[in-house]
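This report refers to the structure that appears directly beneath it.
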């Protein structure tokens, strides 16, 4: 393919802008939560795979954690198994857990691994059960109403939270030039499987690895103020204030709290980025403008 002169100049400008960022992040680990629209569009899937391969090629270490809620819901529907949710979490009985493992650990994980490898990477698929990668425990959910003297305990089945991450395994893979692709399934002390929110797994993996960045792909342009303007850079204190005044609410809260926990736990920065934008990951890392919201532990 021969580029026109103008196109060649544009490519050179892009590379020139990216070079300082490449130098800054060489040898660093970035944890990317992959989900939403970015997993559904063929164009976006291809762009994501190329982004990941390029990062590895220039010496950055990406670790991918993926979701798969819509795919789980589709298979449950085809199997005539009812999907039930409590506070946004899928109630996961033994039958549903079998489907979760089949979809996340099988179909979705292997599709992502295959796509990255087709574009020149060396991805390796994992669930949290492999070598005890994600040790988990049952998530306790309670509900309190004014008329209750004690909180109601709600059993949502095999839904878990992360207790620990096998960083030795991940570091071995990363240093061996592999790209880990992790399905958010944890394993309990008794060998029980647990369905865990992918954002939470990504956050805990980033925290355990002391990653440079945690990047959460979403279906929005980033965090917005009450006038609908994207907030491109925030400190943890500013995010806390936006939660307190109701600017951040609803379904975005768990994602933001995950980002806050990661940054306060040693991750240099967390990013809420627009996964609907082609090459969103590269744009956020390697350009001055980015495509989302950057959260750090620094003021301003």
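Heads up, the Cβ atoms here are built off N, Cα and C, so glycines get one too.
The substrate site recorded in Swiss-Prot comprises 68, 69, 195 together with one of 50, 84, 90, namely 90. Long-range neighbours of residue 195 (substrate binding site) (same chain, six or more residues apart, CB within less than 8 Å of its CB): 90, 92, 96, 97, 100, 158, 159, 160, 184, 185. The DSSP secondary structure for residue 255 (site 'Transition state stabilizer') is helix. Note: residue 255 (site 'Transition state stabilizer') has non-local neighbours 199, 216, 218, 272, i.e. same-chain residues 6+ apart with C-beta under 8 A of its own C-beta. Between the binding-site residues 68, 69, the minimum number of other C-beta atoms within 10 Å of a residue's C-beta occurs at 69. If you measure from the Cα atom of residue 69 (substrate binding site) to that of residue 33 (site 'Transition state stabilizer'), you get 13 Å. In this structure, the recorded positions under consideration are 33, 90, and the one with the smallest number of other Cβ atoms within 10 Å of its Cβ is 90.
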